[in-house]
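Here's the structure, in structure tokens; my notes come after.
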Amino acid sequence: MESGNSTRRIPSFFLLGFSENPHLQFLIFVLFLSMYLVTVLGNLLIIMVIITQSPLHTPMYFFLANLSFVDICFTSTTVPKMLVNIQTQSKAITYADCISQMSVFLVFAELDNFLLAVMAYDRYVAICHPLYYTFIVNQHLCILMVLLSWVVSILHAFLQSSIVLQLTFCGDVKIPHFFCELNQLSQLTCLDSLSSHLIMNLVPVLLAVISFSSILYSYFKIVSSICSISSVQGKYTAFSTCVSHLSIVFLFYSTGLGVYVSSAVVQSSHSAARASVMYTVVTPMLNPFIYSLRNKDVKKALERLLEGKL
């Protein structure tokens with residue numbers, strides 16, 4: 001005799017993607033495959049340049065190499081599964097795979113968030129306390145900050161996964177997205193729990209606000225320090241070291257904010273998926289170009305690497 005409370009039916013999960021139109025699937029496949037390859041190759045090139053070129057063996061580029069690695073993993077969490085689903089003409093994803101994808105995505109999303117804050121702190125010390133820079137931002141501190149970012153990101157993902165595993169889904173779960181995203185899963189439960197929804201929605205926002213606030217504080221001190229420099233050339237030199245990082249910060253947080261605004265304002269089942277493309281795919285793809293085009297040290301290192309290969 002089977003008790004209704006003793007067993008729990010595992011629902012079927014489906015990723016609806018961007019469009020139900022079958023004629024658009026090939027175009028979407030080619031577009032995302034191209035962006036994924038550019039993302040992986042571009043970030044791998046940045047990592048290779050930093051590892052092989054000794055002038056780039058500094059804290060600033062140590063953090064950049066970590067950011068490039070995280071961006072590769074960040075995109076690899078979502079895009080390959082979407083490409084496989086398009087290729088096989090299947091929208092299905094298992095419950096275990098969905099939870100795993102959501103958890104891993106959360107880890108790398110928060111790592112991006114924390115690493116941008118760490119990089120802002122690095123620029124703050126370099127510009128505001130240049131005489132003590134090598135003493136303060138030493139190898140031990142660099143490794144410690146990266147490890148701490150990993151630990152907090154993993155703990156956050158574990159917390160969210162634990163909550164999602166307790167949620168009840170009624171019937172088949174059709175996710176209007178191209179990956180298992182936390183906010184989408186929280187909206188598809190059939191038994192609402194106010195405390196669970198508060199944690200699922202507020203904790204990521206709180207972590208983002210903390211990191212963004214630390215970035216704002218770092219740049220407030222940086223701007224104050226730059227304004228005190230008397231020479232125009234000195235101001236330009238100091239600020240030029242921050243331009244690439246500022247560009248990435250703007251892309252990351254503006255596109256992330258756009259996802260939440262779009263999903264809240266636009267009442268479309270696929271609006272959140274389309275908006276999140278900038279946040280999850282385009283930004284990691286553009287990061288290597290921003291650093292290679294705007295950063296003289298990286299451009300010179302790239303030239304030396306290419307000359308050595310030819």
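Even glycines carry a Cβ here, placed using N, Cα and C.
According to Swiss-Prot, the topological domain 'Extracellular' annotation covers 1-25, 89-100, 157-202, 262-272, on the basis of sequence analysis. As annotated by Swiss-Prot, N-linked glycosylation site applies to N5, with the evidence given as sequence analysis. Residues or ranges marked as transmembrane segment by Swiss-Prot: 26-46, 68-88, 101-121, 136-156, 203-223, 241-261, 273-293. For 47-67, 122-135, 224-240, 294-310, the entry in Swiss-Prot reads topological domain 'Cytoplasmic', with the evidence type sequence analysis. Summarising the annotation, Swiss-Prot assigns disulfide bond to C98-C190.
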Mean pLDDT for the topological domain 'Cytoplasmic' (47-67), rounded to an integer?
92
Run the contact check on the transmembrane segment (101-121) against the transmembrane segment (26-46): 3 or more C-beta pairs under 8 Å, excluding pairs closer than 6 in sequence.
no
Restricting to CB pairs under 8 Å, which listed stretch, 26-46, 68-88, 136-156, 203-223, is in contact most with the transmembrane segment (273-293)?
26-46
For C190 (disulfide bond): DSSP state (helix, strand, coil)
coil
Contact set of the topological domain 'Cytoplasmic' (122-135) with the rest of its chain, CB cutoff 8 A exclusive, min separation 6+ beyond the ends, reads 59-60, 63, 218-219, 221-222, 225-226, 238, 241-242, 245
Checking distant contacts: for the topological domain 'Cytoplasmic' (224-240), what same-chain residues at least six beyond its ends satisfy Cβ-Cβ under 8 A?
127-128, 296
Determine how many residues of the topological domain 'Extracellular' (89-100) DSSP places in helix, in strand and in coil.
6 helix, 2 strand, 4 coil
Counts by DSSP class (helix H/G/I, strand E/B, coil) across the topological domain 'Cytoplasmic' (47-67)
18 helix, 0 strand, 3 coil
Going by DSSP, how much of the topological domain 'Extracellular' (157-202) is helix, how much is strand and how much is coil, in residues?
25 helix, 3 strand, 18 coil
